[in-house]
Amino acid sequence: MLSAKLIALLILDFKVELDEIGSLINEICAERITTAIQERDDMWRRHENAQISFLQNENSQMLTGLHMEIERLHHHLRDLYRRLYVKNSFDSNTMLENENEQLREKLEIAQQNTDKLNQKLEECEKKSRDLEQQTNETIKVLKNQLSYQGNRIRQLSDELRERTAQISKLMAQLPSGTIAETTETARNHSHSQPNIHWNPAPAPFFGKKDSNLSYMVRNVSITYPGGRPNVVAQRYSYTSSMPRSHHLPSLYSKPRSVPSSGNSIEKPIRLQMLSLQDRILIARSLYELQNSFMANSTTSSNSTNSKVSIMTDKSMQNTI
């Protein structure tokens with residue numbers, strides 16, 4: 001009995017520790033993911049703001065220079081038209097040739113400047129492409145990290161399932177008294193665990209046998225949250241002429257014989273063996289408990305994964 005109780009307590013402590021470990025893992029993963037996403041978003045925003053400000057400054061300088069050059073050329077053309085139509089001097093042809101040469105040189109200089117500006121634009125486009133590639137690579141790395149963490153969560157959930165199956169097997173192998181005590185303690189810890197009520201038949205006390213009690217009834221009620229209790233009643237009849245067989249469940253034994261003095265009162269002995277049907281019922285209830293526990297754990301992990309995917313999608317939309 002003591003070893004069984006210790007095993008049951010260790011099993012309960014192990015379950016609580018597993019639940020705490022799972023919750024801690026989920027919290028740590030969520031915190032790491034949120035911090036990584038925030039750092040990535042801040043880095044992208046700073047880099048993009050710097051690029052935008054640089055391009056704006058360059059474009060503004062280029063536009064101001066072009067406007068000034070256009071105005072200068074416009075004034076120069078006006079002067080040339082005036083000289084062509086007025087013809088006040090004799091060496092107008094030489095002056096025009098010199099001016100044409102100067103204009104050609106200026107055009108070549110302007111073409112060189114435009115080529116330089118085109119090269120700068122190409123370099124800016126290459127930088128933007130490199131930045132896009134870097135962002136895509138970072139997104140892929142983060143997705144791989146999320147998938148790895150999801151696989152890790154699945155592995156941990158599978159380990160939890162295996163350990164709960166082992167625990168259920170151990171619980172099925174335990175005797176009846178320890179099973180009842182463990183179910184009562186587990187019912188106090190969790191709301192999703194079914195309640196198993198044992199309604200024993202009254203055993204005779206003081207060593208007196210009642211001739212009217214020709215049979216004994218045992219009721220087992222299993223209550224689930226939000227549902228009706230499932231009651232299983234088993235009746236076992238036996239008489240003094242036809243005693244109860246050994247293979248039937250012996251929840252109640254015959255009381256001990258009263259001593260000659262008659263002053264001492266002893267309670268009947270409670271045997272620790274359950275029948276096959278009772279063990280099947282308890283194993284079924286434990287299996288349903290395990291399924292409900294695993295459903296809750298899977299729903300919590302799915303909710304965390306969906307939240308993380310929603311956060312990543314929002315960050316991607318903001319960056320785009």
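The backbone N, Cα and C atoms fix where each Cβ goes, and this holds for glycine too.
All annotation found in TrEMBL is predicted automatically rather than curated by experts.
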### Query
Among 118-138, 181-201, 244-264, where does TrEMBL put the label region 'Disordered'?
244-264
### Summary
In the same chain, residues at least 6 away from the ends of the domain 'CCDC92/74 N-terminal' (51-92) whose Cβ sits under 8 Å of its Cβ atoms read 99, 103, 110, 117, 120, 124, 127-128, 131
